[in-house]
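Novice: Just lifted these from TrEMBL, have a look:
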type: TRANSMEM; residues: 48-80; note: transmembrane segment
type: TRANSMEM; residues: 100-120; note: transmembrane segment
type: TRANSMEM; residues: 132-155; note: transmembrane segment
type: TRANSMEM; residues: 175-196; note: transmembrane segment
type: TRANSMEM; residues: 232-250; note: transmembrane segment
type: TRANSMEM; residues: 270-294; note: transmembrane segment
Amino acid sequence: MDSTTPFKLRNDFFTHHKFHPKKKSDPDPLIIVFYELFKKIGWTMFRFGSLFLVGSYVICFTCLLGFIISIILFPFYFRLFSKNRPNEKSLPLYPIIQHFYRYVCLYILLIVVFIFHCILASFLHSDRYDMFFPYFFITTITSPVFNILLIILAVQRFTIYFLPNYEIGFGQKTWTAAIFILYLIVILINGGLVIAKIEWTAENFTVWSAEKLEIDGGIVVSLDEMYIQFSFFLEALSVISTFIYIPIFISVTNKVNIASVISSKPELYIFFQALSINLLKLPTIYLIVHLFILRYDSIGELREVFVLQNASNFFTVPFVTELTYILCNKRNVKAVISFVNPWNLFCRNCRRNYAVGPTERETTI
């Protein structure tokens, strides 16, 4: 074999790969979406300062933490709710409690669907905006409804505790119909805005179409801005509504000489409920206040905070729902502890029966 042949083959190899590099595969659509999302939000963070940046990072961390904890708590929450359901159906707050339970189940289902959707999109190279739009649309619907229900729940608990006879006017069928109408109104508003944006921009709706909408949108931009501001108002009002628990907390604390109060310590669970809601929503409230103090320049900046708010609510609603339900009274806490007790795994018939639902006073607090 000629001695020049190896050199020629080596030379041809480097020449080919120098002038004919391998074709790079297209980036994953999920990576593209998150890159554009954080790049767009990053410009807003840079304009509003480091404190805004810290608040945004806290929201992202809260979403991740809420997602992980909600997945961990879901089996215990599911089992506890199933055992308490026969005893709670007669309670005036049951329709709202049941709605939150269904939302948590839907949330778990959406997480599974989203994972399979991402895997499928990576193989099919589908459009990144079409992929995320259904999930973003769901967050814009559930976020205001959740805040409204939190406000109603705080007012209802206040009236039940201090005006127990007033709960007669709140029937379960009335609550179910009210929740359905509330969702219908929010869906119609969001759907109308989406259709209007499609007609004005003559393209598929994307969350980052603010620049073109400002030029061609007209009244659509004004309506969109009003809806976002109203959503921010509900977010702030849901936090303010937790202060309604303060009179309940004080009243229960003053009854420490009662034996049932001493044994169940309901004031601790009231405190944990209000504290968890406030802590999870404080970063979003800070961003909203910071945004309005510095006077946002365009609806695009307003919409970026709107995206963070919806994402925060979407990922923290199951966590708040599961945690507050488990901590609503001492009997539920004991039941969850019994679920994780290793002895109960081997001696199912020997354990104490915690399936009996809590007393009405404990649940309605």
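Just so it is clear, glycine is given a Cβ too, placed from its N, Cα and C backbone atoms.
Just so you know, TrEMBL annotations never went through curation; they're auto-generated.
The model shown is predicted, which means the values in this text are computed figures rather than measured ones.
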Novice: When you scan the chain for residues with a C-beta under 8 Å from the transmembrane segment (100-120), skipping those not six or more beyond its ends, what do you find?
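Specialist: That would be 30, 67, 70-71, 74, 77-78, 81, 126, 131, 135, 138, 142, 146, 149, 314, 317-318, 321-322, 325.
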Novice: Going along the chain, which residues at least six beyond the ends of the transmembrane segment (132-155) come within the CB cut-off of under 8 Å?
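Specialist: 33, 93, 96, 99-100, 103, 110, 114, 179, 182-183, 186-187, 190, 194, 204-207, 230-231, 234-235, 237-238, 241-242, 244-245, 277, 307, 309-311, 313-314, 317.
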